[in-house]
Amino acid sequence: MFLPSPFKSVLRAKPHVAALANDDGRLVALSGMGVRRSGRWLVRGVDLDVRRGEIVTLIGPNGSGKSTTAKAAIGILCPDEGVAGQRPGLRIGYVPQKLAIDSTLPLTVMRLMTLTGPIAPADIDAALHETGIAHLARAEVQALSGGEFQRALLARAIARKPDLLVLDEPLQGVDFAGEIALYALIKRLRDRTGCGVLLISHDLHIVMAETDTVICLNGHVCCRGTPQSVTDSPEYRRLFGPVAAPAVAVYHHHHDHTHLPDGRVLHQDGSVTTHCHPDDGHHHEAALADGDDDACGCGANHHRLQGFAPAEERHV
Amino acid sequence: MFDDFFLRALVAGIGLAFVTGPLGCLVVWRRMAYFGDTMAHSALLGVALSLLFDLNVMIGVFLVAAVIALSLLLLQRRGALSTDALLGILSHSTLSLGLVLLAFMPFVRVDLIGFLFGDILAVSTTDLASVWVGGVLVLAAIVALWRPLLAGTVSPDLAEAEGLQPERARMLFMFLMAFVIAIAMKIVGILLITSLLIIPAATARRLAGSPEVMAVLSALLGAAAVMAGLFGSLRFDTPSGPSIVVAALALFLLSLLPFRREDRRPQGVRS
């Protein structure tokens, strides 16, 4: 049926989301997902699953389509290509990247907790204590600092007891100690409730240690894999200290291409294409399976453990 | 009971204030003041068209305001012009279109000033009934939509991710605005409707600790402004619509005064 897009969502909540089978453990799934805006693909060809109890981390530079992918996964953005699926009745706790709440809205932290649905007072209390902002329950959200507001949003999401917790760049404005604390909190929550977690981070090298799958995006899936424990690497251990080390892990990228400034793709074989498709003959995933440091040979030093500079991050 | 024109005006005005209070809070929170103004201005085009096609004026105004709201939504999505510029274009062109259309119809005698600034003292028993019946319907709709409306105000993404339908609520909200503009036109006039939405809500902000309290307070403050304005207009023989707005402004200015104890701590001694 032809309807302008603003009116489609009026008819039914999330009309484009397919129902996943209830018993295969998948909470949300994307397959071949692409989103196009103004004639340009923001992101294309993304496959992604989050299962019960699983932690998936999306990483990638700014504008690489991380938030777009997450929004498609939870069904608030309709993909232009591919399929988005969701387990029926899935309860989502969402921590958006940033919020602009008008100062004319008198909203206390307490009132924020029940914004999208009723929550038992005991759960609110537990969430506020867990995130360490119980003393701010009566404060207005506009008066909070960036970090406090971030924690209030997190408390709101976990008080819902979600099946899937989605955090969009929760580390913005959070220092390293805060990062460790946040990861510990997410781990506790996952261990206790068995919820799935979809975490978006702009840090290309350091991810939460408990992450089951890292997906590196840059308009498409550049690579995916599991992070490696920091404890295996003396350099990182020295860098983070013994306390922090168990919470974070290192992700080694294994790209077989780099991105030119104009968005085109430079492949390892020296060819340049406008898009990156996994099966266009330029790729060599099989060669990378053994994880050798220089198997890639593309010169983008994805496998070095130390000495990465900000300039190099643009390659990823 | 409502034989007296003044009593009718008072009851109609209070009924309207009870609706514009909560609706106005949402307008203020969503930064849609200019949007409401544009919809109100389009009411004159609605008046002209309903006279042309021999429609009930209230229905014509509602339809035109609703169409304007929907076209704004679509134009916004397209994103070619900023919302600001779009509102500026639609606001004044619909007002002017209405005026020009009326000028082409010399056969109808229209009390233009009455439409622009309201004629609350000419409220009939039928008008009174439409204000209260319509008002109760609008309030019921606001209560039913409150959660998605409020959550959508904070973040549409958040609301939708967690199972609400903020987009549907927003669209219904616009129809409610169009409806309220249609019933309010007679009372405060096209040019002053927005003030009854915005000023009581802004006044209530400093006194309220939660969104719900603010909505109720702004309804009460609006009713107080209607009463003060009407009595003032009777006493000083001033136009009733503008008098109500002036009374609302006076209440707003009062709310700016420091009223809490901690605001009045002794100042340091000057040397």
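Note that Cβ sites are derived from N, Cα and C of the backbone, with glycine treated the same way.
Residues or ranges marked as transmembrane segment by TrEMBL: B:6-29, B:41-74, B:86-108, B:120-146, B:172-201, B:213-234, B:240-259.
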Under a Cβ pair cut-off of under 8 Å, which of the recorded stretches B:6-29, B:86-108, B:120-146, B:172-201 contacts the transmembrane segment (B:213-234) most often?
B:6-29
Comparing B:6-29, B:172-201, B:240-259 for Cβ pairs under 8 Å with the transmembrane segment (B:120-146), the winner is B:6-29
Among B:6-29, B:172-201, B:240-259, which stretch has the highest count of C-beta pairs below 8 Å with the transmembrane segment (B:41-74)?
B:172-201
